[in-house]
Protein chains: 2
Amino acid sequence: MKDSPQVTVLRLGHRPGRDERMTTHVGLTARALGADKVVLANAARNQADTVIDITDRFGGPFDVASTEEPKRLIRDFEGRVVHLTMYGEPVQEIEDDVREAHADDPLLVVVGAEKVPFEVYEHADWNVGVTNQPHSEVASLAVFLDRLFEGRELDREWENPDRVVVPQETGKRVVDPDEK
Amino acid sequence: MKDSPQVTVLRLGHRPGRDERMTTHVGLTARALGADKVVLANAARNQADTVIDITDRFGGPFDVASTEEPKRLIRDFEGRVVHLTMYGEPVQEIEDDVREAHADDPLLVVVGAEKVPFEVYEHADWNVGVTNQPHSEVASLAVFLDRLFEGRELDREWENPDRVVVPQETGKRVVDPDEK
């Protein structure tokens, strides 16, 4: 988000035909909850297009990229690396340290699908568990980002949207931003 | 969770072949982040089995049910109803009211897939947006539960697990609970 070092989310291990909607949801969650960029490994081309399309319609800035070399990206990342995994240390014990580091340094947040290579655990500055229960990389990412930004991401303003949702007690209201 | 009125998550609008993993992740997220029960609409049988299987292995209590009449369940629910939707009011403005109501009353948290019938908006006590951006029902559910329970769900203890993950700085450690 504006006024803080970049947060990039790396989605590892996308399996075509199986992880399509999960990968899309990782990308959209990264955008909605305050990250600046998502990188999709293993050529998740359609998923990248969906996230780009949402950014065109609902606003940015938000970058979408893909990589064939996710391990290299982790190794060469200039900043700190968090890997979200159910085997890691409790988010509630680690979040202050991560937040403090992120005051100065860009952050790479790695989320996997099923199997994550051991090098990822080794290269991460923190392996972090949002509980040590099996659930969802999308849920872990969401809780992690909400805690990292301490809720500030919920008030994020978007540049150049084509449409804006106006919160309603009941029903739906979507307007052209000029009428807002 | 123990010592507070029940929280049930209702997963609406499951579309076979398309929403399979999302529905599984809704169920697992509900379990991991402090809800007591998930109800799956539209006969998501395999997804129910996956959540039951995880509960058998990693512990409970957590109930899994299905319904062919989700609208009736919402209408007849004895307690308060929250519907998570990108069109709703900001979670950060609503969460205190919901938390206060939940001190006395059970809570039904409804999450949809794409199209949610208008009656759901009308019957909900609160339509709540975790941002007004399109992202993921799994992410919304996760942030909502973490805020509802103010992080207490992260320390939840599980009864009768066959296996327990022991948090690690690096790598994976899963033990028999008797050796823990």
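From the backbone N, Cα and C atoms, a Cβ is placed for every residue, glycine too.
Under DSSP, B:ALA113 (S-adenosyl-L-methionine binding site) is assigned to coil, being neither helix nor strand in the three-state scheme. What TrEMBL lists as S-adenosyl-L-methionine binding site is B:LEU84, B:GLY112, B:ALA113, B:GLU114, B:LYS115, B:VAL116.
Among the record's S-adenosyl-L-methionine binders, B:LEU84, B:GLY112, B:ALA113, B:GLU114, B:LYS115, B:VAL116, no two C-alpha atoms are more than 12 Å apart, and one pair sits at exactly that spread. Neighbour counts were taken at the CB atom with a 10 A radius for the binding-site residues B:LEU84, B:ALA113, B:VAL116; the maximum falls on B:LEU84. Cβ-based neighbour count (10 Å, all protein chains) for B:GLU114 (S-adenosyl-L-methionine binding site) stands at 9.
Note: the S-adenosyl-L-methionine site is recorded as B:LEU84, B:GLY112, B:ALA113, B:GLU114, B:LYS115, B:VAL116; in the same chain, B:LEU12, B:GLY13, B:THR85, B:VAL111, B:GLU137 also have Cβ atoms within 8 Å of that site's Cβ centroid.
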